[in-house]
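Annotated features in TrEMBL:
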| type | residues | note |
| --- | --- | --- |
| COMPBIAS | 16-26 | compositional bias 'Polar residues' |
| COMPBIAS | 27-47 | compositional bias 'Basic and acidic residues' |
| DOMAIN | 42-153 | domain 'ProQ/FinO' |
| REGION | 1-47 | region 'Disordered' |
Amino acid sequence: MQYECKTEYQDESLSDSDTNSLNQPVSREDHMEEKKTSADVEKTMEVSKSEALRMVRERWPEAFRVSSPRPLKVGIHNEMKQTGEFPLPVIKSALKLFTSQERYLMSIKPGRSRVDLNGKPAGKVKLKEAVNAEITLFMRSEQQRQKHQRIHVGELRLVSVGKPAEQEAPEQTEAS
């Protein structure tokens, strides 16, 4: 995942000194230094899903327990965004990874309490949400079962599409 930083200048009122500096030739070293700086910015803004989850878990350990997860409050991403501690892409990555884990999905049971960022109760899991979690788990198990299903060579039979075996035998004797 990469974040893009775009800067657009809409100020058309540049002074003469500004336009003169813009018309100056740029050396190769200056250009390379400029590229290096923008690449460094991209690297610092690029965060993997697991790194995003690690950062969020460090900040809110009561809400994001991996070993024994609890259902999160509906709309918790808005609460996280309002704190201003993480950019939205980091929040989305962390939540996607956390809420797609098997343990988390197994914790989604009807009537179970949801938690806010501090681990305090914030609503209950609805039946529809629990059913959706069960369906997701079932679909994953089916995909895994089909993925690991193997064809055993001992069960295969070869079928002849050509001439019957009786007719092939005389031709083979004539050729020899």
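Placement of Cβ uses the backbone N, Cα and C atoms for every residue, glycine included.
Heads up, TrEMBL stuff is auto-annotated, nobody curated it.
Looking at the domain 'ProQ/FinO' (42-153) alone, the prediction's average pLDDT is 88.
Remark: secondary structure over the domain 'ProQ/FinO' (42-153) totals 64 helix, 8 strand, 40 coil, with classes taken from DSSP.
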